[in-house]
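S.K.: Sharing the feature lines straight out of TrEMBL:
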{"type": "COMPBIAS", "residues": "125-136", "note": "compositional bias 'Basic and acidic residues'"}
{"type": "DOMAIN", "residues": "53-145", "note": "domain 'Prokaryotic-type class I peptide chain release factors'"}
{"type": "REGION", "residues": "122-146", "note": "region 'Disordered'"}
């Protein structure tokens, strides 16, 4: 099997998508004797093993009615999770899926990232990644602006050369 950068013999391994909340030692498991499993993290989802862990005693959880598109199925069910970290006062509201369990997991992950940024500030891996993304965006914007200026200059030169002939 060849997927992206990896090449695995089909008789030995299977590649599965791992939930992004799992730690590395939870990802490397054996399904049955003789079949090695390599779990590949889903694209765009990053693990932050160095994040601060959340204590369940410090969390206040509520389930409220959903909002947004989806009609009656969304607006009448209480599958939106509101999670509050009591010591810091950070509140996260998660209504990304119709499943309460998935929303609870997502809310905890989001809250963990926000709490880590709150306590660690610039040393947080989440903050560092956001800074890198902002820097890359700024560079792309600058390159696009330079390209646009070059195009305008070439167009002006071409127009002026047409007038000469």
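Even glycines carry a Cβ here, placed using N, Cα and C.
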S.K.: With DSSP helix as H/G/I and strand as E/B, how many residues of the compositional bias 'Basic and acidic residues' (125-136) fall in helix, strand and coil?
M.R.: 12 helix, 0 strand, 0 coil
S.K.: Using DSSP, what's the helix, strand and coil tally for the domain 'Prokaryotic-type class I peptide chain release factors' (53-145)?
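M.R.: Its residues fall into 52 helix, 17 strand, 24 coil.
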